[in-house]
Amino acid sequence: MTTKYSLPISESHQTQLAVGWLYVAVGFLLASGIYPLLLALARTTYEMPWKDFFYTALVLHVDFTVLWWLIAIAGVFWTLNTSSRQVMTGWLSLLLVVGGGIIIGVSPLTGDANPLTNNYIPMLENKIFIKGLIVFGGGVLLLVLRSMWALECSKSRQVSGEGAIRFGTLTAAIAALIAMIALIWSFTDAPVSQGRSYYESLYWAGGHILQFAHTALLCVSWLWIAQACGLEIKAKPIYLMAAFAIGVAPVLMMPWPFLSYDIGGPEFMSWYVWLMRDGNGVAPLLIGLPVVWALLTQPAAEKGSRHLYMALLFSIVLFAMGGMLGLFIGESSTLITAHYHGSIVSVTMAFMAMTYYWLPKFGFANVNLKWARIQVYAYAIGQILHIVGLAWGGGHGMKRKVVGTTQDIGVQAVLTPQDLVGVGGVIAVLSGVLFAIVVLPVMLKGRKMMREEARS
């Protein structure tokens with residue numbers, strides 16, 4: 001009997017909440033792609049130097065993609081993993097996340113933006129922006145706490161395909177909660193200061209630990225998408241559950257550097273780099289191997305699920321690229337950006353595939369499969385070009401978070417790293433907007449009530 005790595009979906013209060021999180025995710029992903037244009041139109045009556053505009057748009061683009069989009073999709077996973085207990089708390093968390101996003105979205109219009117390109121949560125030193133971020137953080141904390149309070153405990157302990165998916169989703173929530181604790185600890189103990197160095201120290205520990213949550217949900221997505229494509233994963237559920245447990249175990253060491261080093265000091269920063277570098281690739285390796293084996297040894301998916309199949313394949317390729325590039329990181333350069341892009345874009349690719357999969361399961365119509373396939377190919381190719389350009393430029397000393405055309409890195413060629421970064425980035429951003437264009441019409445038409453007892 002084939003093991004099914006998926007969760008049943010039926011008409012219920014938590015399913016309605018999960019659909020709400022999906023709307024939030026797609027909405028903010030669309031906002032992340034069009035925000036630079038909206039910002040330019042809204043600020044035309046103001047004196048706005050290009051440099052400040054570039055970094056302000058960059059901050060909001062990054063925050064909407066790596067925070068709002070990823071957390072909202074995590075909200076879908078965590079909600080499906082719960083019962084209907086405390087469902088109103090779930091809706092409150094959703095409203096706080098949306099409210100926080102709206103507040104930071106309008107914050108550049110309320111005064112000086114003062115963009116800071118620190119890691120994990122790029123900042124605008126703007127009081128309205130900071131208030132919006134606090135509202136968002138409150139929503140995330142409620143989301144994570146409810147995901148544990150309303151957990152289907154007995155089902156998460158079952159040694160089965162469903163049990164493995166539930167357990168993997170739980171490990172992501174555990175990592176996210178520990179990341180929130182690390183953030184609060186950093187805020188209370190970090191030396192009070194201003195500017196980029198302060199926010200770098202503030203988000204360093206929590207940001208690194210949050211990547212374990214994203215990685216756990218990436219692995220859950222791989223298993224679920226493989227199931228949707230008709231692939232049979234030969235690994236036993238107990239092996240996969242053990243892999244998830246091993247994958248989240250390193251985050252339990254979070255208190256050690258807080259107790260041993262100065263927050264923001266070189267030892268503190270290096271410790272978390274080591275933790276993520278050596279610990280965050282374990283679960284994807286252990287879980288990715290049987291998925292890759294299935295891809296290599298079993299027939300490709302039928303036409304109706306080919307977009308999911310290719311998204312799964314590209315997600316694994318992008319994660320492997322990010323992991324391999326991480327081995328060559330030395331001094332600060334765009335090689336670090338290439339490594340991070342490979343890893344986080346792999347997660348986004350998998351989450352896009354899960355969105356395509358969830359829509360009909362939630363009672364929406366199917367998306368246009370032709371355009372879904374085009375979107376998957378375009379997004380993957382654009383990101384691969386972008387990553388190759390960043391890695392190539394990083395090998396020649398190209399600096400991070402600097403407008404690329406101003407840098408002379410000594411590459412004399414018809415095609416330069418900056419060209420690849422620019423072309424790939426444009427393709428990736430446009431295909432990200434295309435994703436929202438493909439799914440939004442379906443979502444705006446609404447969903448039909450699901451009559452079946454369960455769908456998987």
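Just so it is clear, glycine is given a Cβ too, placed from its N, Cα and C backbone atoms.
Per TrEMBL, the feature domain 'Cytochrome oxidase subunit I profile' maps to 170-456. Feature annotation from TrEMBL assigns transmembrane segment to 21-41, 53-78, 90-109, 129-151, 163-185, 205-226, 238-259, 279-296, 308-328, 340-359, 371-392, 420-444.
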* Asked: Restricting to the same chain and to residues at least six past its boundaries, which positions have a Cβ under 8 Å from a Cβ of the transmembrane segment (340-359)?
  -> 9, 18, 22, 25-26, 65-66, 69-70, 73, 76, 211, 214-215, 217-218, 221-222, 224-225, 228, 307-308, 311-312, 314-316, 318-323, 325-326, 365-367, 372, 375-376, 379-380, 383, 386-387, 390, 428, 435, 439, 442-443
* To do: Give the one range among 129-151, 238-259, 420-444 whose Cβ atoms make the most pairs under 8 Å with those of the transmembrane segment (163-185).
  => 238-259
* To do: Determine whether the transmembrane segment (308-328) and the transmembrane segment (238-259) share at least three Cβ pairs under 8 Å, counting only pairs 6 or more apart in sequence.
  => no
* Among the ranges 238-259, 279-296, 371-392, the one whose Cβ pairs under 8 Å to the transmembrane segment (205-226) are most numerous -> 279-296
* **Local confidence of the prediction over the domain 'Cytochrome oxidase subunit I profile' (170-456), expressed as mean pLDDT** => 87
